[in-house]
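Report on one structure; see the data block that follows.
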Amino acid sequence: MEDELETLTGERKLSKKDYFVVSSLLFGLFFGAGNLIFPLHLGQIAGHNWLPATVGFLITAVALPLFSVLAIALTHAKGVYDIGLPIGAWFALLFMTLIHLTIGPFFGTPRTATVSFTVGISSFLPVQYQQLGLFIYSALFFLAAFIISYNESDILTLVGKVLNPAFLVLLFLVFVVAFASPMGKMSTAPATADYAKAGTSFMNGFLEGYNTMDALAGLAFGVTVVTAIRQLGKKKDSAVALVTAKSGTLSMSMVGLIYLLLILVGAMSLGRFKAAADGGTAFSQIVQSYAGMWGQALLAALIVLTCLTTAVGLVAAFAQDFNKHFPKVSYHVWLAVSCLASFTVANFGLETIISWSTPFLMFLYPISIVLIILSIGVKFFKKDRIVYSFGVGFTVIPAFLDLVASMPTVISKSSFGLAVVDFRDKLPLATYGLTWLVPMLVGLILGLVVSYLYKRFKKPVAAQG
């Protein structure tokens, strides 16, 4: 069928090598050493209920990111700004800013430093020097990121092509050892209270997938993959989407397999360790237990370098996009702002960054999901401003309630926070963290109805005028 379409449209037929190139791009976009901590931690807190938790996690950490790239392909968007543009330029700029701040200097970029420090460096330092060690390490880390990004050098990208495969090989060896000599049984692994039942385990796994931030990254950087596909000879949006889907199935299956194995390793590790405060600590404990200090040192070096590669990409992308939309401030100034802000946030530590990023992800993910739905259904919704406005508008309010409810106790337990939580808990699906789902569906339906009525009654008035 695809061959017939290619013959009729005159588009170039892609080779297996072409599909492999696209798959590699997608894999590189969504696979990062920094994200490995979340499935590992999920395995530890889900315990014997790892299966429903895994299914939920893979929906938001694997399937949704692929859909975000499809959204870019089908709407011919040049980035996250264009995805929000049907509502208005003000919303597009605001949404783009929030996305880039979240995956950039507020949470995503500082996390690359704290994850690599927690996994690779902290175990070699005495407890009393942990904070000082993080300060020095993060200063050197972001200084290196600034220097490399300042000259817009491709050297680290080229090095990354060697580092990422090397890291995958070592990770594969960890999997082999972990399953050949398991620390415990998954069937008897204890589950935390939030994962005690299969239903809540699924939903909490679904929400845990937000932490990867990959759906947001897909909206922000998916245009890179889409552009590569068009350069290979695919011009029609439907053809680009088909190639994205085919290549994405392969690449995201690999990402999903890695996540699954990490979840299983996390669950089995409960036979020897208690659930750690975060996945970085758990990963360090597990690797050191199997490979000793030298093995951990080798893996740590690779994690530090692969996380630095990711950080360089994030700070450069932040500076480029903000320089594009706010050109009075130079690329290099935005780059310095990104690195300094990331350094500052990184020194609060991995656990604090995760606890503060979760509320903002609870707010941004529902809005991103409705925009992805509207973008994938672009032929039906036709970028209609009314439908977009109703869909997003009805989603924003409950998403904000989820944001407040999931804030650290200093806010969620304040008088304002308690009032918000009390109101939120009365809404449908509040127990599952999905208060936005029903309002979103209502908003989309109302938007379609209002849009239809507006167009129907506008024409006779225009004709009379």
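Glycine too: its Cβ is placed from the backbone N, Cα and C atoms.
In TrEMBL, annotation is done automatically, which means it is predicted and not curated.
Annotated features, as they stand in TrEMBL:
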TRANSMEM  19-38  transmembrane segment
TRANSMEM  50-75  transmembrane segment
TRANSMEM  87-108  transmembrane segment
TRANSMEM  128-150  transmembrane segment
TRANSMEM  162-180  transmembrane segment
TRANSMEM  215-233  transmembrane segment
TRANSMEM  254-273  transmembrane segment
TRANSMEM  293-319  transmembrane segment
TRANSMEM  331-350  transmembrane segment
TRANSMEM  356-374  transmembrane segment
TRANSMEM  386-411  transmembrane segment
TRANSMEM  431-454  transmembrane segment
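A contact links the transmembrane segment (215-233) to the transmembrane segment (356-374), because at least 3 Cβ pairs that are 6 or more residues apart lie under 8 A.
For the transmembrane segment (293-319), the residues of the chain that approach it from at least six positions outside its boundaries are 32-34, 100, 103-105, 108-109, 112-113, 115-116, 119-121, 123-124, 141-142, 144-146, 148-149, 152, 156-157, 159-160, 163-164, 166-167, 170, 174, 220-221, 284, 287, 331-332, 334-335, 337-339, 342, judged by C-beta separation under 8 angstroms. Only residues 6 or more beyond the boundaries of the transmembrane segment (254-273), in the same chain, are considered here, and those with a CB under 8 A from a CB of the stretch are 27, 30-31, 36, 39-44, 46-48, 50, 53-54, 57-58, 61-62, 171, 174-175, 178-179, 182-186, 189-190, 279, 282, 285-286, 289. The stretch in closest packing with the transmembrane segment (331-350), judged by the count of Cβ pairs under 8 Å and taken from 50-75, 87-108, 128-150, 162-180, 431-454, is 128-150. Only residues 6 or more beyond the boundaries of the transmembrane segment (356-374), in the same chain, are considered here, and those with a CB under 8 A from a CB of the stretch are 60, 64, 67-68, 71, 83-84, 86, 95, 98-99, 102, 106-107, 111, 207, 210-211, 213, 215-216, 219, 348, 381, 383, 387-388, 391-392, 395-396, 398-400, 402-408, 433, 436-437, 440, 443-444.
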